[in-house]
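One structure is given below, encoded as structure tokens.
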Amino acid sequence: MTTTTEQAPDGTFTISKRFTFDAAHQLTSLGPDHMCARLHGHGYRVEAVLSCAEDELVPPGFVVDFKDLEPLARYIKDTLDHRNLNEVLGFEPTSELLARHLAHWFLTHFTPAVADRLIQIRVSETEKTWATYTLNRRTA
Ligand SMILES: Nc1nc2c(c(=O)[nH]1)N=C([C@H](O)[C@H](O)COP(=O)(O)OP(=O)(O)OP(=O)(O)O)CN2
């Protein structure tokens, strides 16, 4: 039987979109004995995660149109892709701090209709690792 809106369980919709870039970095504060203190590169993956309640969906049933996230792709390509992150970011470029940086950029460059739905930015340097920055959203 088809589930109608009235029969649907109470829940929250979440979407995510993945972006990729290649960059070099070194974590100089780790000290010379740590391999990540040496200049090296990663094929980075970034995921933006957005969420809203059912009554906040926009037609035809989107949290946000995936296409509307294109400015984040452009920022990543223009600013981070094929760069040395130590040269373009003003902080030690760990996955965690990069995730927070991208969340801040997202909140300050998207319209509220999109920015208000961001809940997480996730950054991966390798197949096995992810760092997540989760926004502390206050509910009224
Ligand atoms: N919490 C964090 N730990 C580490 C970060 C980070 O951003 N956040 N970054 C690094 C280095 O950049 C390193 O290149 C990646 O670390 P690691 O996963 O240990 O590297 P490997 O792929 O070589 O790991 P193996 O388990 O040996 O395959 C370090 N730590």
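Positions of Cβ are set from backbone N, Cα and C atoms, glycine also.
Here TrEMBL flags HIS25, HIS40, HIS42 as Zn(2+) binding site. In sequence order, ASP22, ALA23, HIS25, GLU125, THR126 are the residues of the chain that are 6 or more apart from HIS42 (Zn(2+) binding site) and have a CB within less than 8 Å of its CB.
Here TrEMBL flags CYS36 as active site, proton acceptor. Neighbour list (CYS36 (active site, proton acceptor), Cβ cut-off 8 Å, at least 6 residues apart, same chain): GLN26, LEU27, LEU30.
If you look up TrEMBL, you'll see HIS82 (among others) marked as active site, charge relay system. HIS82 (active site, charge relay system) carries neither a helix nor a strand DSSP state and counts as coil. Taking Cβ-Cβ distances under 8 Å and a sequence separation of 6 or more, the neighbours of HIS82 (active site, charge relay system) in its chain are PHE21, ASP22, ALA23.
TrEMBL lists GLU125 (among others) with the feature active site, charge relay system. Under the three-state DSSP scheme, GLU125 (active site, charge relay system) falls in the coil class.
Same-chain residues at least 6 positions away in sequence with a Cβ under 8 Å from that of HIS40 (Zn(2+) binding site) are, in sequence order, ALA24, HIS25, GLN26.
Annotated Zn(2+) site HIS25, HIS40, HIS42; additional same-chain residues within 8 Å of its Cβ mean position, judged by their own Cβ, are ALA23, ALA24, GLN26, CYS36, LEU39, GLY41, LEU85, GLU125. Its Cβ taken as reference, GLU125 (active site, charge relay system) is surrounded by 21 other Cβ atoms within 10 Å in the chains shown.
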